[in-house]
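The substrate binding site annotation in TrEMBL covers GLU234. Annotation source TrEMBL lists compositional bias 'Basic and acidic residues' at 336-345. The domain 'GCVT N-terminal' annotation in TrEMBL covers 40-298. Per TrEMBL, the feature region 'Disordered' maps to 326-347.
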Amino acid sequence: MRGSLWHLGQSITRRVAQADKKAATRRFFASEADLKKTVLYNFHIAHGGKMVPFAGWSMPIQYKDSIMDSTVNCRQNGSLFDVSHMCGLSLKGKDCVPFLEKLVIADVAGLAPGTGTLTVFTNEKGGAIDDSVITKVKDDHIYLVVNAGCRDKDLAHIKEHMKAFKSKGGDVSWHIHDERSLLALQGPLAAPVLQHLTKEDLSKLYFGEFRIMYINGALCFLTRTGYTGEDGFEISVPSENAVDLAKAILEKSEGKVRLTGLGARDSLRLEAGLCLYGNDMEQHITPVEAGLTWAIGKRRRAEGGFLGAEVILKQLEEGPSIRRVGFTSNGPPPRSHSEIQDEKGNNIGEITSGGFSPCLKKNIAMGYVKSGLHKAGTKAKILVRGKAYDGVVTKMPFVPTKYYKPS
């Protein structure tokens with residue numbers, strides 16, 4: 001979905017407040033019948049969720065609190081997100097690792113069992129098909145989650161390559177976890193609250209690690225990861241247990257962890273300097289250009305062997321022609337597609353995500369500029385509605401990350 005969810009949330013809030021409620025409901029939710037619903041749909045409605053179409057699903061953009069308050073509360077206390085629209089799948093078989101390594105830039109073989117990483121599915125030209133968090137459960141079992149908006153193309157891509165791989169004798173199969181739901185619990189209270197609901201010692205589970213464990217009586221896949229820059233977890237739970245788990249998390253937090261929608265999720269990930277596929281990463285953008293060189297395993301840089309490796313390894317050697325950078329700016333918040341100019345008015349790039357940071361109380365954005373103009377402190381002009389405002393290239397993340405790592 002292009003454009004900022006934060007801005008969508010703000011406009012919906014304003015319009016719903018201003019317009020006749022019934023007319024507004026008709027206008028925004030006209031396609032509601034065509035949209036898929038997560039098992040928490042009624043739970044969202046009961047808690048005041050404002051539902052909007054997102055990647056073919058009806059999802060909450062916000063609840064009763066504002067997107068600003070919700071964002072700040074995640075960093076101060078905690079947030080619970082329903083991210084069941086995302087697609088979890090397992091690859092199994094003795095060749096699942098070499099199979100996946102043909103499609104992604106990560107050193108999957110080098111991952112210890114029970115650990116994971118962010119990676120990128122690439123195409124023949126080295127562009128990003130999608131980004132994904134992958135986990136090596138065991139040497140013959142990989143668990144991964146792909147973006148809702150990319151589900152169909154990702155699954156078609158994996159299926160096509162799997163067919164060719166198996167025809168040559170490769171041992172790999174898959175299972176799409178449509179029987180499970182996905183919750184993301186984020187913020188400083190995430191671990192203490194979740195600890196109430198499991199006998200496993202969460203202090204021994206570090207950022208990027210994965211375990212299968214009972215939580216609130218249900219067998220869950222637990223990954224210490226997230227999309228906010230805060231410590232937290234993504235919990236894959238059998239769908240019949242999802243509502244009970246959400247209720248238990250909210251109860252154990254004594255109201256401090258709040259249900260949080262896509263609007264705050266967008267401002268949180270932007271503050272953390274994280275890409276949104278479809279905005280900051282697309283089919284024509286390589287992982288090197290996107291600033292994800294760190295995700296290309298050392299062995300993969302030496303050996304290649306993934307789609308588009310030739311293009312990507314050449315960029316690693318020579319440097320890319322464009323780079324993703326962060327910006328702070330004056331004036332109205334930059335929007336996706338805002339033009340970036342140098343101080344003389346020459347076009348040097350484009351904003352891909354932007355908004356007002358609820359935590360920093362200033363405009364932040366990210367976008368692509370020509371290499372050489374990507375250094376922190378470089379001054380620029382950002383066009384918003386045809387008018388130029390001062391901007392400066394700024395290091396990301398804008399808000400320091402608080403991932404739980406061994407000290």
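Each Cβ is built from the backbone N, Cα and C atoms, and glycine gets one as well.
Mean pLDDT for the domain 'GCVT N-terminal' (40-298) in the predicted structure: 98. Sequence-distant neighbours of GLU234 (substrate binding site) (same chain, six or more apart, CB under 8 Å from its CB) are VAL83, VAL133, VAL145, LEU182, LEU183, ALA184, LEU222, THR223, THR225, GLY226, listed in sequence order.
Shown for the compositional bias 'Basic and acidic residues' (336-345): DSSP residue counts in helix, strand and coil, namely 0 helix, 3 strand, 7 coil.
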